[in-house]
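*Asks:* Can you read through this structure? Questions will come right after.
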Amino acid sequence: MSEPQSWSVMASQMTSAQLIRVYLDGSMGIGKTSMLNEIPTHSLMGVPVLKVFEPMKYWRYYFTDLVTTVNDTCDRRRRGEFSLFQSSMIVTALQSKFADPYLVFHERLSSKCHRITGTRGNPSLILILDRHPISATVCFPIARHLTGDCSLEMLISMIIRLPQEPPGCNLVIVDLHDEKEHVSRLSSRNRTGEKTDLLMLRALNAVYSCLVDTIMYANHICPYSKDEWESEWLDLPWFDTSLATTFINEPRTDYRGSRVSLHHTLLAIFKRRELCAEDGSLSTTHAWILWGLLMKLRNINVERFNITGLSTTKCVESFMDTMSERLVTHMSWNDAFEIEADVLAYNKEMAM
């Protein structure tokens, strides 16, 4: 392993700093945080590694305990104590608060990420974040909708909040194919107010798997093939209760075709009569929303990371070994120093 380099030495060797930023994301209880805890402070090449942890302190102790309240709300809706309208309003408000820390940090970070230098660069800094804003604005809301805890109208309000993505985003979706192991990991966390909801777990796993295909689709079709997307949309079936059940419960396989079809993306969930004309075409506003979602996803470099059967140590080794294959972006050295200060402040106030 190379000796860790000091910031002053590195700054004197380069005219600008180069950043690799990676978001670790995936279903709850899958082992992301354990991985992040074990990732070293320097890479094998001696590059400093900064880690941004889950804002659990903000979620649990700033005002409302979001984790306990969202689970309690969904339980009460399923017991008939809340209507769908009532639970949707509460869940959406809570989900917005889950998203707030991610969105605030993302805004600060985005202003510092400039043009892409490609891959296999010589980074000055590696930044690894526990979840992307897409988790709280898209993935969890869709899963809550599929489980019947959030209405379609409230879901649309949430996905609009996904921010624009600056160049150089690397999104790693952690996947655990062994459901029994996944349930065991989630149960063993024993967090106050957290429950092992198998339906929600399956819905989340399905959504995250589909997210990868959605980003691949966006990378292919945006921004020049809007007509092709609209044509594919008309061929989609109406997304009804039976399709929702199939989406959640049937095992998904990684799409291996030459190009992902719209049918394999999260957008297929929005083929609803409430959003469309009689011929199936989207209303103008909803077409803007969904096309806008694709445009926001198209700058993301996405990869699946199957951790089935791997120890946490092996997961970390595999994750770090492929770091050179990820996108690198330019930034000023002042920006790099500011990122370090921001990470320290954020973790101190937000993380447990």
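Note that Cβ sites are derived from N, Cα and C of the backbone, with glycine treated the same way.
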*Asks:* Quick one: which of ARG115, ARG144, ARG161, ARG185 does Swiss-Prot put in the ATP site with GLY26, SER27, MET28, GLY29, ILE30, GLY31, LYS32, THR33?
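*Replies:* Swiss-Prot names ARG185 for this ATP site.
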*Asks:* Over all pairs within GLY26, SER27, MET28, GLY29, ILE30, GLY31, LYS32, THR33, ARG185, the annotated ATP binders, what is the largest Cα to Cα distance, rounded to whole Å?
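*Replies:* Per the listed residues, the maximum Cα distance equals 14 Å.
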*Asks:* Using a 10 angstroms cut-off on Cβ to Cβ distances, just flag whichever of MET28, ILE30, ARG185 is the loneliest among these binding-site residues.
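*Replies:* Per-residue Cβ counts within 10 Å for the binding-site residues MET28, ILE30, ARG185 bottom out at ARG185.
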*Asks:* Out of LYS32, ARG191, give me whichever of these binding-site residues has the highest number of other Cβ atoms within 10 Å.
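*Replies:* It comes out as LYS32.
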*Asks:* When a 10 Å sphere is centred on the Cβ of GLN95 (substrate binding site), how many other Cβ atoms does it contain?
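*Replies:* Looking across every protein chain shown, the total is 22.
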